[in-house]
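According to Swiss-Prot, the feature topological domain 'Extracellular' maps to 1-10, 70-80, 147-176, 260-267, an assignment based on sequence analysis. The transmembrane segment annotation in Swiss-Prot covers 11-33, 47-69, 81-102, 124-146, 177-201, 236-259, 268-292. Residues annotated as topological domain 'Cytoplasmic' in Swiss-Prot, with sequence analysis given as evidence: 34-46, 103-123, 202-235, 293-324. Under the heading disulfide bond, Swiss-Prot lists 80-169, citing sequence analysis as support. The feature N-linked glycosylation site is assigned by Swiss-Prot to 159. According to Swiss-Prot, the feature S-palmitoyl cysteine maps to 309, an assignment based on sequence analysis.
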């Protein structure tokens, strides 16, 4: 049966579509920049591509599914569950990509001489594959049984088979709040965020120690190296900060829902928290453009070559740029 869309839902859909229209092209641009620019081919940028792929999927898949769920169509229980799980997969993928980036930056400043022999392209690819495998396992856990099926069945005719079980599809109807808080947040979101915080604190401490060493004629190169590392570390720490700022409010609301069932959370706060989580997928390309010179150079090359119909003869020399 067709369901009318309220004015509030129309506003929600409009904002979600706007986020998707910024997120998808922006992150495709990030992937494109890494593909065309040799200076963006090290391990860090491979992990950034993995993060960008997850963000593209948020705009192209999760946001449309979120709009459908917000309308609340009548669907079979597991069909609704399948629409709710992708956001869990992609959130975990983003967290693990950010963790891989943090570990990579730590190794760059901790063992700069041996870094390239330790962090090889093959090992980076294996790490990315492992991140995605873990993300699917964590995000699909509700499909394996940790969901609200038994709770919903308790309110219905027990003689009805699961395949005939039709519900109004909403995220909180099918996803267990115990799963969201105890497993998703307390195990797979909060600990990695705290670990990344400690890693970046150590990265900044190592860089500060190196930069505070007495500069001599023989130490110009190390000073320059660590100065560049400091700039990129600050930019990637900003990406982490924005991710935490975007996702923690929704997880805090989930904790309130679980631990204080009688507490009434205003719907507007829930929607703002959802907008923050989805909007985070559009933030990273903006950070890269303004904070990382390699990306800024690559973005300008793409713009000049493909959108301004200019043949930038100097692009080949810029491509070989190795500024870190």
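Glycine too: its Cβ is placed from the backbone N, Cα and C atoms.
What you see is a predicted model, and the numbers here were worked out from it, not measured in a lab.
Taking pairs at least six residues apart, the transmembrane segment (236-259) and the transmembrane segment (124-146) share fewer than three Cβ pairs below 8 Å and do not count as touching. Looking at 11-33, 47-69, 124-146, 177-201, 268-292, the range that has the most CB pairs within less than 8 A of the transmembrane segment (81-102) turns out to be 124-146. Sorting each residue of the topological domain 'Cytoplasmic' (103-123) by its DSSP state yields 15 helix, 0 strand, 6 coil.
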